[in-house]
Amino acid sequence: MIKKLSEVNYLERRFLASLLLTLFVSYTMRNRTRTHNLLSAVLILYIAFDYRHTAYILASISLNTFLLRYTETSAYMFTVLNIVILYIYKIFGALFEERISGSFDISGVLMLMTIKMCYLGKEYNKRTDTVKDALSYILFIPGLMLGPAPTFRSFMENKYERPKRPPYATFLKALGFLVLFQVLRISIPRSHLLEEDVLLPMRWAYLYLFTVGNRIKFYFAWHFSHGCFAFQNFPDLLNADFMKVELATSVKDLSTYWNVCTGVWLKNCFFVPMKEKSIFWASIGTSAISALWHGINPCYLIMFLSLSASIPIVKENNRLLQSFFPSLFWVLSRIQMLILTTYFSASFFLLSVSDLMYVWRSVYFAGHVFLAFSLAVQIALRPFLPQVGKKNTD
């Protein structure tokens, strides 16, 4: 086990080297608009991804900044444009780089570009803001590769100050998450989920550890970038709350405390404008946009739409639990979300419809059965429960 933990391949070494440089520059940077900081960002991208990937990113930045400065492109047009740029990379990039769709391609950088250009489309003022301001925002080193992306206006209004409390504890947490991710990645590989003749309780254990292990990778990334942001006087950009996500009582908890900054972007740019017609369909539409933003794999759509469609059922379950079993609500609501999160998030991490169907079939489609049974119980009880409390159990 120790030997496997210490094994780091060539791509992982490059990526870790780029993270160390990210940490160093985040700690030492004082003036964010200086040219050498922009060059440092390009160097970080080159170390992590090589010249072809870096060239693609720079070409995307050049096109976006040209449109930003010389045209009247809206925030939504920038969103569509950058999703197209991401899709072109995903579809055709493999012709020159076999690792595309792996762990070390530039999809994450391009996804962050979508958010940044959306904010620039909404907040960039051609009279007062310069191209260098936009480039400094796009290439801001603490969130360059791992995110999150603050709004452009908050970036411009925030000025450097030395942090009163250096974020050393945050980096220790990040290191702990990295070690735990490596342990779970080695102990519970994807192949365990596809084994035959495994008892149902063990299948659920494998599925839970596989999905939580993959989430821990993101906890590492976002705690690391949170520490880097803290060095630049952004102390409140932690992108996920471990305890509130892993002990969620509702789908709303997941959307609120997981990938926080992306959730804010989706809410303000898409959900809020759509919710006047229907909150449910606004949720479905926003989930579809999130799935499209993640990539072309149908498994993204399966997960986001499944969780979004489960919102009213989970919400009503929570109301019933609070009415009939208030003392057990803390436990039962979390068990409910543990089942649904484990079951549906497998889609996000497997990214293979055939493997997903095998895994779901091996646990007897428990997530779907649970939702169908819950809906049937709710319909059956509805005539007898006119006084069910309307507490906020989202």
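Each residue, glycine too, has its Cβ placed from N, Cα and C.
Just so you know, TrEMBL annotations are computer predictions that nobody has curated.
Listed by sequence, the residues of this chain that lie at least six past the ends of the transmembrane segment (40-63) yet keep a Cβ under 8 A from its Cβ atoms are 14-15, 17-18, 21-22, 25, 81-82, 85, 89, 93, 96-97, 104-106, 109-110, 113, 135, 138-141, 144-145. According to TrEMBL, the transmembrane segment annotation covers 40-63 (among others).
If you look up TrEMBL, you'll see 75-96 (among others) marked as transmembrane segment.
Listed by sequence, the residues of this chain that lie at least six past the ends of the transmembrane segment (134-156) yet keep a Cβ under 8 A from its Cβ atoms are 18-19, 22, 25-26, 29, 32-33, 37-38, 40-42, 44-45, 48, 61, 64-65, 68-69, 108-109, 112-113, 115-117, 119-120, 122-124, 221-222, 224-225, 228-229, 231-232, 234, 237, 239, 259-262, 265. For 134-156 (among others), the entry in TrEMBL reads transmembrane segment.
Marked as transmembrane segment by TrEMBL: 168-184 (among others). Sequence-distant contacts of the transmembrane segment (168-184) (same chain, six or more residues past either end, CB-CB distance under 8 Å): 1, 5, 209-210, 212-213, 216-217, 219-220, 223-224, 226-227, 230, 238.
If you look up TrEMBL, you'll see 280-307 (among others) marked as transmembrane segment.
Here TrEMBL flags 328-351 (among others) as transmembrane segment. Outside the transmembrane segment (328-351) by six or more residues, the chain places 101, 190, 193, 204, 207-208, 210-212, 214-215, 247-251, 253-254, 297, 299-300, 302-303, 306-307, 310, 314, 317-318, 321-322, 359-360, 363, 366-367, 370-371, 393 with a CB less than 8 A from a CB of the stretch.
Annotation source TrEMBL lists transmembrane segment at 363-381 (among others).
Long-range Cβ contacts of the transmembrane segment (280-307) within its own chain (Cβ-Cβ under 8 Å, at least 6 residues beyond either end) map to 83, 86-87, 90-91, 107, 111, 114, 251, 254, 262, 266-267, 270-271, 274, 340, 344-345, 347-348, 350-353, 356, 367.
Beyond the transmembrane segment (75-96), the same-chain residues lying 6 or more positions past its ends with a Cβ under 8 Å from any Cβ of the stretch are 52, 56, 60, 63-64, 67-68, 105-107, 110-111, 113-114, 117-122, 269, 292-293, 295-296.
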